[in-house]
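Okay, structure first, notes after.
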Amino acid sequence: MAMAYENPPSIRTSDPEAQEITPTATPSTGQPGKGYSAKVVVNKVKNNLVFHSKWGELNGAMGDLGTYIPIVLALTLARDLNLGTTLIFTGVYNIITGAIYGVPMPVQPMKSIAAQALSDKTFGVPEIMAAGIITGGVLFVLGVTGLMRLVYMFIPLCVVRGIQLAQGLSFALTAVKYVRKVQDLPKSKSLGERHWFGLDGLVLAIVCLCFIVIVNGAGEKNRGCCDGVQSGGDDLGGGQKRDEVARTKTSRLRRVIFSLPSAFMVFVLGVVLAFVRRHEVVHEIKFGPSSIEVVKFSKHAWKRGFVKGAIPQLPLSILNSVVAVCKLSSDLFPGRDFSVTSLSVTVGLMNLVGSWFGAMPSCHGAGGLAGQYKFGGRSGGCVALLGVAKLALGLVLGSSLAHILRQFPVGLLGVLLLFAGIELAMCCRDMNTKEDSFVMLICTAVSLVGSSAALGFLCGMIIYVLLRLRHWTRDKPLSAIWMHKTPQQV
């Protein structure tokens, strides 16, 4: 498929594991028409769910919670969202997407719809679900008709990077706000400066942040320091042997430290502190799943859901949930390119099914993928594990889980969200020309100031087209100018 990218560069990650992940080989059947036999499909699913690193995949599963928990918890407390139903459906989504894609493909709440619901008291559950169904239906149609491929083909890489940078910086700024100020999540308001000490104080958040940096670094795998030291043989003197033994012990200690599941440990600490902060929450827990009921829609709900929910959400879903995720997955996992068609169809199906029963409208997200990759997620088993945990919590605790999450230290959520945002923003470091960087930064600036990815995208495309028009004087055909190709390549 031809794309508007100028020799699309893949990000050279410092993690050797990313380069080792290749598409699962499909066993040859001798008959091309039978390439999707039941045995082949089962083997592919099994390979997609295999852990590349037990602790790494467990740790990576926590990389998306900094975004997921605040949004879902706020809607549960402020708009009576059925948390149990949302956990059950999103858990199933996680398991299915992990089995299909074989990478930590995230399942996140639709942020524009969530923002509208939190800012407008009249935008209730029926309007939220109507917006999700309409958005999912449009994405499904764009996917099955192949129109999404045309969108992907003509969106320049620099504009995609601008959207990714804006989303990453937005996450990072929100994370800093979570850490610095006390939050009222249901109202999405800051209540004042956070105290230095306490079970949700600044000191705790800073210590956890430093702990993650020490363990994870900038995201690289510290393999060189973890290799065992070779023995020099009998010709070594006693002093040399002692030095070798000391270096071996140091290497083992570093290997243990660098393999710790930092994000998982921070999340477990947050759960423990939630019970310590208010131990009476134990008595508020009710076991058993929430009742799953079909949402009742009115004509007014469909209208408001379309105008105030679906219309603002569609550009964000197309750009950040499909186009940006497709590009980011090829950057992080070379050789495992996914079509925008499949991503668009899966997002559409998720919402065409779950939204009828009150599950929060969901989509994929470049920020979630970057966050899970940052903390070690490398396979579909990462999100499948998270899905199993969501499914179990939804079936066992239901909506009563909200009482526990309400006591979760918001500062720790901010720490997790900060690393997810920074990882997503760093994907833009492959913009090597001044022209591409110029378009990317304009797109980012407008997106952040206008709080609209659609507006940033529109401005970025206009600037990109104007810059392309300047090249007409070089006697190149329009296709060569747009695709960054020479006339001989056209």
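Positions of Cβ are set from backbone N, Cα and C atoms, glycine also.
As given in TrEMBL:
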type     : residues : note
COMPBIAS : 21-31    : compositional bias 'Polar residues'
REGION   : 1-35     : region 'Disordered'
TRANSMEM : 81-103   : transmembrane segment
TRANSMEM : 123-144  : transmembrane segment
TRANSMEM : 151-176  : transmembrane segment
TRANSMEM : 196-215  : transmembrane segment
TRANSMEM : 256-276  : transmembrane segment
TRANSMEM : 338-359  : transmembrane segment
TRANSMEM : 380-402  : transmembrane segment
TRANSMEM : 408-426  : transmembrane segment
TRANSMEM : 438-467  : transmembrane segment
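As a quick check, the transmembrane segment (123-144) and the transmembrane segment (196-215) miss the bar of 3 or more Cβ pairs under 8 A, pairs 6 or more apart, so the two do not touch. Ranking 81-103, 151-176, 196-215, 380-402 by CB pairs under 8 A with the transmembrane segment (408-426) puts 151-176 at the top. Within the chain carrying the transmembrane segment (151-176), a Cβ under 8 angstroms from the stretch's Cβ atoms is held by residues 1-6, 8, 66-67, 142, 318-320, 322-324, 326-328, 340, 366-367, 370, 414-418, 420-428, 430-431, 435-437, 439-444, 447-448, 453, 456-457, 460-461, 464, 482, all 6 or more beyond its ends. Sequence-distant neighbours of the transmembrane segment (81-103) (same chain, 6+ residues past either end, Cβ-Cβ under 8 Å): 21, 24, 44-45, 47-49, 72-73, 75, 125, 128, 289-290, 292, 329, 332-333, 336, 338, 342, 346, 350, 353-354, 357-360, 362, 364, 369, 377-384, 386-395, 397-399, 401-402. Non-local neighbours of the transmembrane segment (380-402) in the same chain are 48-51, 57-58, 60-61, 64, 73, 76-77, 82-88, 90-107, 284-290, 372; each lies 6+ residues outside the stretch with a CB under 8 Å from one of its CB atoms.
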